[in-house]
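Sequence annotations record features per position, and here TrEMBL assigns domain 'Helicase ATP-binding' to 219-385. What TrEMBL lists as Zn(2+) 1 binding site is Cys444, Cys447, Cys484, Cys487. Per TrEMBL, the feature Zn(2+) 2 binding site maps to Cys453, Cys456, Cys471, Cys474.
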Amino acid sequence: MPAAPRIACIALDRPLDRLFDYSIPEDLTLAPGQRVRVPFGRGSTIGVVVELASTSEVAPGRLRAIQEAPEAEPILGPRLLELLQFGARYYHHPLGEALLGALPPALRHGDPLPALTPETLWRMTPAGSQALADGDARGRRQQAVLRALAHPGSTPHDSPALDRATLAAATGLQLAPRELRAFAERGWLEAITPDPKQPPPPNTSDHTLTAEQRAAVDALTPDTGVPLLLEGVTGSGKTEVYLQMAERVLARGRQVLFLIPEIALTPQLSARIQQRFPGQVALLHSGLSEGERLRAWESARQGQRRIVVGTRSALFTPLPDLGLIIVDEEHDSAFKQQDGFRYNARDLAIKRGQLEQAAVVLGSATPTLETLHAATTGRYAHARLATRPDGSQPPAVEAIDTRVHTPDEGLTAPLLDAMQQTLAAGHQCFLLLNRRGFARVLACDACGWVAECPDCDARLTIHAHNPRAVCHLCGHQEPRPQRCPQCGEALAQRGLGTQRLEQALARHYPTTPLIRLDRDSIRHKGALEEALDRIRQLDAAIVVGTQMLAKGHDFPQVGLVGVIDVDQGLFSVDLRATETTLQLIVQAAGRAGRGSGGGRVLLQTGHPDHPLIRGLNAANYPAMVAPLLEERAAAEMPPHGHLALVRVEAGDAETTRRHAERVATHLRNAAAEGLRVLGPAPAPRHRVNRRFREQILLQSTQRGPLHRALTRARHAWQTDDLPRGTRIAIDIDPVSLA
Ligand code: ADP
Ligand code: ZN
Ligand code: ZN
């Protein structure tokens with residue numbers, strides 16, 4: 001009889017490509033997925049059991065024993081464990097880091113699982129609704145809370161019941177229980193304690209689905225393992241389709257995982273989901289405290305909350321009854337983790353769907369070429385929403401030739417005229433400029449000197465109200481020089497950022513309310529919610545912003561969208577820059593002409609006759625990007641080829657180069673037919689924060705050879721003597737080559 005497995009192979013949060021063997025004490029029964037505390041070095045650490053074994057390569061006398069298991073049962077189920085093992089293999093990342101990184105930080109630090117107490121839900125009373133309507137609720141906080149609880153277009157008793165954390169997220173306010181109780185004492189809110197076994201029923205929809213929307217909901221076939229692309233022009237009502245899909249899946253007793261790129265930027269969306277399914281949503285995002293995150297996670301794991309809405313890392317939430325994964329705005333690069341475990345949550349969502357027999361829906365108005373290709377070749381199912389429920393069309397895109405109409409501080413005369421008309425008609429103008437700051441750079445017109453970061457290959461930017469020059473890459477700041485250090489001439493500010501554009505607009509329209517929306521303007525808590533609220537309340541007629549403006553907002557009064565400068569993005573050499581810029585234009589165009597009927601989109605460019613600009617057509621994205629797909633095919637680039645980047649980073653240029661050469665040699669030795677190893681070459685940003693970067697690009701029409709070569713080469717370079725501070729990172733399916 002074989003000996004009972006008394007050894008556990010345990011994943012630890014260490015950057016090492018291995019599991020660690022420990023003996024299991026007599027009184028402990030363990031299963032894979034269970035959390036344990038083990039001795040490590042002179043201290044102890046938390047790990048997760050991956051396998052049980054009867055023997056170990058470690059000599060019995062040297063095997064250390066597990067100290068304790070915080071829980072009696074696994075916290076990661078077998079399929080989630082399998083997903084993480086797959087992910088670690090596929091992205092060539094140490095399993096321990098991937099696995100422990102998937103747990104809420106509190107569990108990683110050894111905290112116990114929290115006991116779940118039913119949470120009080122807050123609902124607006126008819127009196128609260130009246131107070132909001134009559135203006136009796138005067139304070140900003142009062143209004144924000146009541147508005148978040150108002151269910152648009154329905155009777156007050158339909159008002160959704162939200163918990164405190166959700167209300168805080170929807171309003172951007174820190175809300176103490178005391179404050180909510182005070183509102184209840186005034187008669188505006190009522191407190192409800194739901195029965196966890198009997199979640200409140202979903203609220204009914206305000207809409208009857210259009211035929212296209214219904215067909216899309218019906219296209220959801222569970223358990224086939226085939227993802228569904230929901231491709232719908234902006235404003236076509238994708239969210240309503242998601243909600244009805246979710247309703248069906250919930251009705252069958254399953255859970256729903258709803259992944260979105262960024263919660264903070266789209267508070268409307270998470271509020272809509274919560275309003276539809278009161279008390280059932282666990283919200284997981286980076287703004288939560290460790291305790292809040294742990295409770296939300298645990299409520300999903302126990303099946304108490306039936307819907308998880310979250311960003312990238314929410315993909316790894318244990319859901320015992322998972323039936324549907326929705327990936328909204330699947331094209332957004334926020335789904336790709338850019339450091340450490342560089343997974344793509346969208347791609348792993350598809351894998352998770354297969355493992356757990358859950359349906360997967362990828363939604364976007366501007367799907368990535370990869371997803372589009374999979375759908376048009378039949379690998380994914382494809383549902384299209386070609387029209388908007390209100391019958392409006394995404395506006396046509398008109399180009400303004402900047403060679404004819406010279407921009408002054410970014411603004412051409414035709415754009416200013418169009419703004420004038422739009423404002424006169426009582427509609428809003430959105431101006432998109434994908435560059436923060438005031439002027440881009442400080443330059444000397446006499447000798448060509450430009451202020452640069454001492455630690456990076458980057459120029460310093462100038463911000464209004466900040467006397468220092470700032471590096472956007474590393475955060476370095478220094479006093480702004482007045483004169484050229486090279487020739488002594490006065491320095492000029494060149495280039496244009498959102499802040500400078502804002503000032504120029506304020507000069508053109510001194511009495512028109514104006515808002516700026518970028519990373520700098522929303523830095524303090526609640527600023528974003530306040531800005532979005534002001535835009536919705538028509539409290540701002542002109543909005544200047546970065547790509548944030550183009551996210552899924554649904555503002556009905558936008559009459560004009562102006563894109564200040566697209567040329568840099570459209571004619572860049574980076575793999576995806578063109579695709580991303582086209583997506584940005586179409587998404588931005590999608591903000592115009594909703595509800596108000598007819599909107600205009602003006603694009604300032606020096607290349608109005610370029611085929612990509614002439615081909616811009618927000619109403620038919622697949623047709624518009626067809627030429628790009630052909631280019632990719634010809635170049636054997638994704639989706640017609642597969643890429644991996646290996647980045648080598650060290651403290652000096654010489655070491656980095658030497659080591660990158662070695663890594664490339666390992667890769668060439670391991671490469672089989674059909675795999676190209678390009679480089680090493682200095683990364684486009686060679687120096688960042690005083691460190692140097694070289695990169696090697698792997699390209700192959702098949703995935704197999706690429707992964708095999710990486711696995712073999714990694715074994716080889718792990719035995720190399722790495723100079724101190726040298727780092728090698730692998731990026732599979734990179735979203736950017738920069
Ligand atoms: P998308 O996410 O596709 O850009 P949204 O889901 O934001 O679009 O919907 C756009 C607008 O259309 C919203 O104001 C929404 O309330 C409305 N809408 C959605 N479905 C319907 C419908 N079936 N009938 C009427 N209006 C609808
Ligand atoms: Zn000079
Ligand atoms: Zn820098």
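Cβ from N, Cα, C; glycine included.
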Alpha-carbon spacing, Cys471 (Zn(2+) 2 binding site) to Cys444 (Zn(2+) 1 binding site), which is rounded to whole Å: 18
Cys484 (Zn(2+) 1 binding site) and Cys456 (Zn(2+) 2 binding site), distance between Cα atoms, whole Å: 20
Stretch-averaged pLDDT - the domain 'Helicase ATP-binding' (219-385): 93
Listed binding-site residues with Cβ under 6 Å from ligand 2, out of Cys444, Cys447, Cys456, Cys474, Cys484, Cys487: Cys444, Cys447, Cys484, Cys487
Same-chain residues at least 6 apart in sequence whose Cβ lies under 8 Å from Cys484 (Zn(2+) 1 binding site): Cys444, Ala446, Cys447, Trp449, Ala490, Leu491
Which of Cys444, Cys456, Cys471, Cys474, Cys487, all binding-site residues, has a Cβ with the fewest other Cβ atoms inside 10 Å: Cys487
Distance, Cys487 (Zn(2+) 1 binding site) to Cys453 (Zn(2+) 2 binding site) (CA atoms, angstrom): 19
Protein Cβ atoms within 10 Å of Cys453 (Zn(2+) 2 binding site), excluding its own: 24
Listed binding-site residues adjacent to ligand 3, that is, members of Cys444, Cys447, Cys484, Cys487 whose C-beta is under 6 A away: none
Alpha-carbon spacing, Cys474 (Zn(2+) 2 binding site) to Cys487 (Zn(2+) 1 binding site), which is rounded to whole Å: 27
Output field, Zn(2+) 1 shell: CB within 8 Å of site CB centroid, site Cys444, Cys447, Cys484, Cys487 dropped: Asp445, Ala446, Gly448, Trp449, Pro485, Gln486, Gly488, Glu489, Leu491
Cβ within 8 Å of the mean position of the Cβ atoms of Cys453, Cys456, Cys471, Cys474: remaining residues of the chain near Zn(2+) 2: Pro454, Asp455, Ala458, Leu460, His472, Leu473, Gly475, His476, Val688, Asn689
Conformational class of Cys453 (Zn(2+) 2 binding site) under the three-state DSSP mapping: coil
Protein Cβ atoms within 10 Å of Cys447 (Zn(2+) 1 binding site), excluding its own: 11
